[in-house]
Amino acid sequence: MQIGSKRERIFPSQVFFVCLFVKIIVFRILVFGNVTAAGLFPDVLFVLTLVSLVEMLSVPRFRKTVYALLNLAISGLLFAAVIYHHYFGTVPTYTVFMELESWNQLQSTLGPRLRPVQFVFFVDLLIAGILGLFRMIRNRERIWNKPYSLSFGYPSSSARRKRALWAGMFCVGLALTGVYAMHEIRQWNDPGRAAKLGLVQYQFVAVTGQAREQERLNAETRLVTENQAARLQSSYPYKRAASSSVDYRPAAFGAAKNMNVIMVQLESFQNFTVQARLNGQEITPNLNRLMKDSYYFPYFFTQIGRGNTSDAEFTVNTSMYPTGKVAMSEGYGAKQLPSLPRLLGKHGYASATFHINNVEYWSRNQLYPALGFDRFYDSRYFTNDHFNKFGASDEELYRVSLDKLSDMAAAKKPFYAHFIATSSHAPFVIPKKSRKLKIPQKAAGTQLGDYLTSIHYADAALGKFIEGLKKTGVWDSTLVVVYGDHFGLKPQKTDPQEIQQLLGFPYDEKVSRFNVPLFIHVPGQSEGQGKVMKQTGGQVDLLPTIANLLGISLQAEKFTAFGQDLMNVDRNVLGVRYYLPTGSFMNNEVLFVPGKGFEDGSATSLRTLKPVQVNEALRRDYDHIMALIKLSDRYVGTLPERSFERE
């Protein structure tokens, strides 16, 4: 095809290829931090295959339009992926783009994070649009008077040869793409896989991998997976040999038997803030007081996947790992999940969950029935004091909830209540009247300064809630669990040195980021009876720990848990993925992060936050976690669909 004079021969396919190639390079720099020949190979292959398809199938008269629309669509995809990566730190798959309602609710967070460089994907389209408009104005008479014709006649022999050539290139490109993608589908390291495949082929592998996993699930039964999980868990030395004896009784078993259970999930709450001081001010004075009459776990870690806060709710209530492929509320909300509400329901407990947002946010209207909660309280039950974009403040959440808890306590049966606090959510900007922490000038207006301010408020609101529980008498008969859902500070906005200079202690971008607090108060613990538990733990361990304290044997209940009772393990290992490569784990000593596999992985001490040598002793934990998370994925996939008749 020729545009203009012979001197100005421009082929749309060439323009499309060059523009897309440049955009892919920019995308790789923004997301992966570098550009390699090996990384560009699948991208070039994809663009050539796409060009071949367009040249083979499109009508010449509309070819430029087809290329323009494809350019716009792919530019939008790259732009959205860069924005998503900038906020979440991971490369999105097709499932993310099916959850756009959740993106809409994050607009207040995403807005301040937009940077001019992220709009570079649309520069060529803007220039082309302006030039096209000028050309249309200049040649409007010739364009409007030009007779319109569209021929579907038999193509010339030259056109047929070109089309055959394009068809051959398309077939070769498609075959090479398939071979390359199927080779990479075996790799569980998602960040590494995305860098190797490029964004578009990464989507293909995600779709194919999910289909293959579903085929495998269809061939398995839940019982088979349960037995495999039990054998795997029994093969790891979590406990001392004495724990396998006939007369063994777990520590703290039944310490809170028949007591109520309250779990409070604190938003974006990292553990480094606990006991920290800013110019003499306690950042978390109420949690510091709670520590004096509670079990405190300073080496407790978030294990969320794509669903973030909702994934934390899923994990603590099921003792299963999020798959990382979809938000668990979105992908498994139709399942009947074995859960803490269902387990306690068998023992006479009523259950309720409290969240100030609309229950449809992150499909919690599906998640809560899947978990078996008797009731949920969402935005309809709270007065919106417009604390942030999510709605009501933590103080309003706790104010209304205290009344509901009094009603539940009056029913003369134990209850389980789960609270999802949101006031310390990004971007951490809270109303001026609620800013009680004095931030030094050098930190004012920074992500760190705003974060500490919101954490201080969330701690104060929690303190009022605890006082309310004590005044109503609920505190004395309730097992209270407080934990953080996930990290808050984004590495792009806050340098570890900034934290050290402001607060006086080191901060690691991985260990400190994933480290969230856990407090467990058992009725009867008084001030001075608190205990710091150095055992490593994660959100997957909460259900087994609570069950033990309530005197419920998971073995007797035939409940499959993928976590451990933290009161009764000597050694622990837990996996983290999605925000870290699959195969990452924490044990009693280190955080291990694989590269392409175990051999090129790295380890960081949980105590000193310094790099340590990777040795073969870590391989057992790596192999164990890889097997455990695969079994967890299979297990949740084999669970039955729930009945919707009562909903």
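Using N, Cα and C of the backbone, Cβ positions are placed for all residues, glycine too.
TrEMBL does not curate its annotations; it predicts them automatically.
Among Thr309, Thr446, Thr453, the residue that TrEMBL places alongside Glu267, Asp485, His486 at the Mn(2+) binding site is Thr309. Listed in chain order, the extra residues whose Cβ falls within 8 Å of the Cβ center of the Mn(2+) site residues Glu267, Thr309, Asp485, His486 are Gln265, Leu266, Ser268, Phe269, Thr302, Ile304, Asn308, Ala312, Ile420, His425, Gly484.
Sequence-distant contacts of the transmembrane segment (164-183) (same chain, at least 6 residues past either end, Cβ-Cβ under 8 Å): 41-42, 45-46, 48-49, 52-53, 55-56, 197, 201, 204-205, 208.
Annotation note: Thr309 (active site) sits in a helical segment as assigned by DSSP. Non-local neighbourhood of Asp485 (Mn(2+) binding site): Gln265, Leu266, Glu267, Ser268, Phe269, Thr302, Ile304, Asn308, Thr309, Ala312, Glu313, Ile420, Val516, each in the same chain, at least six residues away, with C-beta under 8 Å from its C-beta. Recorded stretches compared: 37-54, 66-88, 119-137; the one with the most Cβ pairs under 8 Å to the transmembrane segment (12-31) is 66-88.
Using a 10 Å Cβ-Cβ cutoff, His486 (Mn(2+) binding site) registers 22 neighbours.
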